[in-house]
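K.L.:
Let me give you the structure first, and then I'll get to my questions.
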């Protein structure tokens, strides 16, 4: 029997190095997509946050990362954002931890071993869930998110081989606007399909023929 999370919040945590470029961009983009694609009562069940393994607490979001949010009409969302350092309890309490690369993934699991099966690189998670059939997934977005995480964990190592490069979103900090643009597009390309899976119409599992 599958445990229902319908009455609970589903916590998504993004992790990078300084919590001023990649992870806050992913946080605000994901939150915006969820609110745009789901009914308000369902969207309210998702809590999206971010942290950095080497963050300077209180730092503001990078100006070029903020510009990428502004291009998507999300500048106001990050106006009051302040960086925070990753804490063990933050990772342990998350239902899904998505990191910018494999080093961050390892750092999360080192701090919170219990989060192992819920922690993925952003691009890794997108790869694992992209061809999971909609048929049989729970109808409620929170239950569906939890099921996708569980299925992604089962598929780790069973899906096509990926190099470290395949799982990495390069750190754009201190680099050009073009690098920040590439970062934003890579994250959007991985996150948008995930949120789309949460909003997919309910699919009935094929009925078995009786003899």
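For all residues, glycine too, the Cβ spot is worked out from N, Cα and C.
What you are looking at is a predicted structure, and each value in this text was computed from that prediction instead of being measured.
Heads up, here are the entries from TrEMBL:
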| type | residues | note |
| --- | --- | --- |
| DOMAIN | 10-197 | domain 'Phosphotyrosine protein phosphatase I' |
| ACT_SITE | 16 | active site, nucleophile |
| ACT_SITE | 22 | active site |
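Any idea what these are sitting next to in the structure?
P.N.:
The Cβ of residue 16 (active site, nucleophile) lies under 8 Å from the Cβ of 22, 23, 50, 52, 53, 99, 100, 104, 169, 171, each of which sits 6+ residues away along the same chain. Reduced to three states, the DSSP call for residue 16 (active site, nucleophile) is strand.
Residue 22 (active site) is surrounded by 32 other CB atoms, counting those within 10 A of its CB over all protein chains shown.
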